[in-house]
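Notes for the one structure printed next.
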Amino acid sequence: MSGKDTAELEAALNQKSPSKETPSNNAVLTQLTRQAAIIQIVTAVVANVTIISSGMGIGFPSIALIELQNSTSSVVLSESEATWFAAITSIMCPFGGLLSGYLLDKVGRKKTLYFINLISIVSWAIMSFASRTDANTLFIQLIVARIIIGLAIGLSSTPASVYAAEVAHPNLRGRLTLLTAFCTAIGMLSIYTLGYVFKNDWRFVCMICGVFTVVSLLTVIPLPESPSWLVSKKRMEKAERCLKVVRAVKEDDNPEIRAELDALEQNIARFRSSQTKNSKLDQLKKPEVYKPLSIMCTFFFFQQFTGIFVIIVYAASFSIEAGVAIDPFLSAVFVGLTRVVTTVLMSFISDKFGRRPPALFSGFGMACCMFGLAVCAIHPVKGTALGFLPTVLLVAFIFTATLGFLTLPFSMNAEVYPTKIRGFASGLTIFFGYTMSFIILKIYPSLVDSLGNANVFIMFGCISVLGIAFVYYFLPETKGRTLQDIEDHFRGKTASEKSEVEMTTILKGNQANQDT
């Protein structure tokens with residue numbers, strides 16, 4: 001490279017990056033103004049309102065089973081039927097995760113949110129008007145409704161967080177991708193509270209949930225589509241319009257918007273250039289795909305086998321086994337409230353400290369709580385001066401789990417994959433995560449029967465310790481990094497290589513201008 005070329009190159013780079021704080025990636029990001037930040041926050045919140053209905057669906061069996069098995073004014077379910085009513089959702093969630101990946105790539109982020117709301121409305125409507133006179137009809141209606149809501153829960157784990165990640169500036173992305181976990185927690189707390197208020201009328205609770213979901217569907221209509229997805233479909237004019245909306249840019253020919261669109265287009269072009277008939281399988285062989293896929297699937301494994309979802313689903317029975325003497329409905333509300341409060345706190349912690357430090361603290365706290373519960377199971381403290389200890393440990397476990405292992409796998413799942421395959425890879429990861437959830441929820445009662453409470457708690461604690469090692473050695477930090485930076489990290493592309501490519505691109509552009 002000649003001295004003249006080098007001088008031209010440095011001048012071009014200085015024009016492009018006047019500040020050392022400018023992110024060192026190919027994308028030129030519009031400066032985050034106050035107006036743009038408000039728009040990005042509002043759009044992400046609206047997208048995630050859809051998730052509240054899914055959170056309600058997760059917690060619904062805990063408030064309905066008592067009346068469904070002991071009602072004096074309506075038909076009831078047998079013990080076997082009640083078990084299927086509670087478990088069928090977990091079976092369907094993995095398929096919802098896979099369907100999510102297909103829909104995200106095929107029809108886009110916004111239409112996927114439409115679909116989630118529509119099938120959720122159908123599910124709540126079926127249960128609202130379920131038979132009051134025929135037990136067999138009631139059972140069939142409930143199973144169909146739970147299959148549908150199971151698909152909705154699996155579907156909802158990815159689209160809103162992917163949407164938030166794609167419209168948000170890197171400085172906001174950490175908080176906004178956590179909205180999915182927050183809205184799930186809000187949904188569960190809402191259904192627990194409605195169950196506590198209307199203990200003997202689960203059909204009326206379903207009607208309330210259905211009305212809420214209709215409102216949720218209507219709020220999605222004004223949302224702009226994800227610019228990243230539009231670029232992947234070569235719909236550049238609409239991508240530019242939507243990007244201007246979320247970046248709060250009004251002028252027709254904004255150079256920063258143009259540069260960001262060009263960066264997105266170049267990023268996606270790398271995948272298109274190597275597409276074959278089995279393009280998805282070929283893409284899975286790329287390091288920027290299989291590395292984050294392996295890491296996220298492992299993260300979801302630790303999420304499930306540390307006992308987090310066991311406590312959420314088996315809140316009442318787990319409390320009894322741990323020696324906590326709390327009313328089942330009140331215990332569920334308490335767990336839900338702890339999740340909501342901690343998820344709010346997590347949004348600020350993640351933004352300030354990143355992903356790795358909270359995850360390390362989370363694993364350590366979970367391990368300590370589980371080992372503490374094991375000690376309480378071996379040496380019961382109920383009726384003693386330390387009778388409050390199991391309650392404190394249970395709440396502390398939910399608190400520390402929400403700070404990391406419960407929320408981060410879902411939020412990071414939207415960050416770590418390249419744009420072109422993000423929907424498919426995210427859906428595949430959710431499929432694996434919910435499959436692990438189904439396995440642990442199914443075998444937990446058997447584990448308690450065969451190993452005993454204390455040994456199960458010890459097992460969860462030991463897996464939490466292994467989770468700490470996994471986070472320390474393998475989990476990447478994504479705080480403050482653009483999606484392109486994250487992709488380059490997994491590809492193994494160094495900063496000097498990125499700089500060289502950027503320099504070459506600018507020089508070619510300058511040469512083209514001179515030729516013109």
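Just so you know, glycine gets a Cβ as well, placed from its N, Cα and C.
Those TrEMBL annotations? Automatic predictions, nothing curated.
Copied over from TrEMBL, here are the features:
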- 247-274: coiled coil (COILED)
- 14-25: compositional bias 'Polar residues' (COMPBIAS)
- 43-479: domain 'Major facilitator superfamily (MFS) profile' (DOMAIN)
- 1-25: region 'Disordered' (REGION)
- 41-64: transmembrane segment (TRANSMEM)
- 84-104: transmembrane segment (TRANSMEM)
- 113-131: transmembrane segment (TRANSMEM)
- 143-164: transmembrane segment (TRANSMEM)
- 176-196: transmembrane segment (TRANSMEM)
- 202-223: transmembrane segment (TRANSMEM)
- 293-317: transmembrane segment (TRANSMEM)
- 329-348: transmembrane segment (TRANSMEM)
- 360-381: transmembrane segment (TRANSMEM)
- 387-411: transmembrane segment (TRANSMEM)
- 423-444: transmembrane segment (TRANSMEM)
- 456-475: transmembrane segment (TRANSMEM)
Item checked: Stretch in 41-64, 84-104, 113-131, 360-381, 456-475 most in contact with the transmembrane segment (387-411), if contact is a CB pair under 8 A -> 360-381
Next item on the list: Please work out whether the transmembrane segment (329-348) lies in contact with the transmembrane segment (41-64), by counting C-beta pairs under 8 angstroms that are 6 or more apart in sequence and asking whether there are at least 3.
Entry: yes
Note to self: Below 8 angstroms Cβ to Cβ, which residues of this chain, lying six or more residues outside the transmembrane segment (84-104), approach it?
What the structure shows: 57-58, 61, 64-65, 68, 77, 111-112, 115, 139, 142-143, 146-147, 149-159, 162, 229, 422-435, 437-438, 441-442
Notebook entry, point to check: Quick one: do the transmembrane segment (456-475) and the transmembrane segment (293-317) have at least 3 Cβ pairs under 8 Å, skipping pairs fewer than 6 apart in sequence?
Noted result: yes
Checklist line | Per-residue pLDDT averaged over the coiled coil (247-274), given as an integer | finding: 73
Margin query: Ranking 143-164, 293-317, 423-444 by the number of C-beta pairs under 8 Å to the transmembrane segment (113-131), which range is first?
Written below: 143-164
Note to self: Short question: most Cβ pairs under 8 Å with the transmembrane segment (360-381), which of 41-64, 143-164, 293-317, 423-444?
What the structure shows: 293-317
